[in-house]
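Colleague: Okay, here's the structure, questions in a sec.
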Amino acid sequence: MTYKPTVAAGRNVVVVGTQWGDEGKGKLVDWLTEMSQGVVRFQGGHNAGHTLVINGIKTALHLIPSGIMRPGVKCYIGNGVVLSAAKLFEEIEGLEKAGVEVRSRLRISEACPLILPFHAALDIAREAYREKGGTARIGTTGRGIGPAYEDKIARRALRVQDLKYPERFAAKLRELLDLHNFVLTGYLHAPAIDFDTVYAEAMRHAELLKPMMADVSRELNDANREGANLLFEGAQGTLLDVDHGTYPYVTSSNCVAGNAAAGAGVGPGMLHYILGITKAYCTRVGGGPFPTELDWETPDTVGYHLSTVGAEKGVTTGRSRRCGWFDAALLKRSAQVNGLSGLCITKLDVLDGIAELKLCTGYELDGHITDILPMGAEDIERCKPIYETLPGWSQSTVGVTQYDQLPAAAQKYLHRIEEVTGVPIDMISTSPDRDHTILLRNPYAA
């Protein structure tokens, strides 16, 4: 006996960053949301920073899926996200002041681990302790993301569902706080965190969160089976993935496409198309190896051009991003671990006016040549990039929406990226504006 569904299931797209984050995922998620009925965050926390420019108005989102800017689209925060209720409501209130309806459209998994004040305190105190001891800082955002994931893996985390049971929450919180205050005061020489303050704030947030709590896994599976197209919105980037990134200079979650299934509660067969977002050059925030890094602080250099014209400052932290040439060997690694279906190249317009462009196709490592990024920060630190030189272009590409309107040199640059990485370019972004996008192949129709 064979079951036959009466409605065709929806098609789903996963959007991931292929570099060290800040690739422009937010704009592309917003653009693709026009063809989807639900947008899902599946990992990370409010350390993410997605900037959208709609009708000239800039909006920065850190926790809520970018689809919130499209009326009628449902937004989901999956179990793979670590949730700061304080930051969530700060973001909700900001959107509501701008006239965006949020609460009736946002569904939050009851299985999300909570980020509480002691997590951020641990994050900040550890970085200070490393610096004082002469150890390199990891470069965390200080938001408590890592410590919250530690509690999850150690099976002691407080989760969103615990907020429904005040007595249970209080008992778990007291035990957890005893542990973390011991570390804060005895090892990191930082102040203790007060139980009553944390508990009272959590109970205030509990009442506000209850209407949005949901079995996100079931809702996503039901919606897709009934024909809804879903968009899974990755945060950070592949080279910040805790397993596949430049460890230990990474975030504390899996940023790769495969985690969209585990972090949202859907089967891997529901991930139909994987779109890798990559800048037309490279950037990185914080410490860690960066083979193609340029001098981005000295005026009248290419690196300075990328930094200033590209407005390369972090959305979440405001820190300057390090800048460098495009790294196709790095992108090969990202394509491999994500199973990319296609690429979207962002910030092509930032390269306007650069006379000569360099593209890294591989590295020299300990006397040998490799055409793919090695595993591990120590090996990557020793990599010497091997460059191809390509002609730049003087014409402006800002706002171009048709591929054949791009300068010939820009087309050649993009074609070479495809050749070296083996991944087709399906979309190109030519400014932060939602409408300044070239579509070569629609992920929802591919």
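Using the three backbone atoms N, Cα and C, a Cβ is placed for every residue, glycine included.
Given the structure is predicted, the values throughout are model-derived calculations rather than measurements.
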Colleague: Hey, Swiss-Prot has IMP bound by Asp22, Glu23, Gly24, Lys25, Asn47, Ala48, Gly49, His50, Thr141, Arg155, Thr251, Arg319. Any idea which of Gln37, Gln161, Gln236 it lists too?
Modeller: Gln236
Colleague: Could you check which of the binding-site residues Gly49, Gly318, Ser320, Arg321 is the closest Cα neighbour of Lys27 (GTP binding site)?
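Modeller: The smallest Cα gap between Lys27 (GTP binding site) and any of the binding-site residues is with Gly49.
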Colleague: So, in DSSP terms, is Gly24 (GTP binding site) helix, strand, or coil?
Modeller: coil
Colleague: Taking each of Thr141, Gly318, Arg319, Ser320, Leu348, Thr430 in turn, which of these binding-site residues have a Cα lying within 10 angstroms of the Cα of Asp22 (active site, proton acceptor)?
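Modeller: Cα filter at 10 Å returns nothing.
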Colleague: For Gly21 (GTP binding site), just count the other CB atoms lying within 10 A of its CB, please.
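Modeller: Counting Cβ neighbours of Gly21 (GTP binding site) within 10 Å gives 29.
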Colleague: State the count of C-beta atoms found within 10 angstroms of the C-beta of Asp22 (active site, proton acceptor), not counting that atom itself.
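Modeller: Its Cβ shell of radius 10 Å holds 28 other Cβ atoms.
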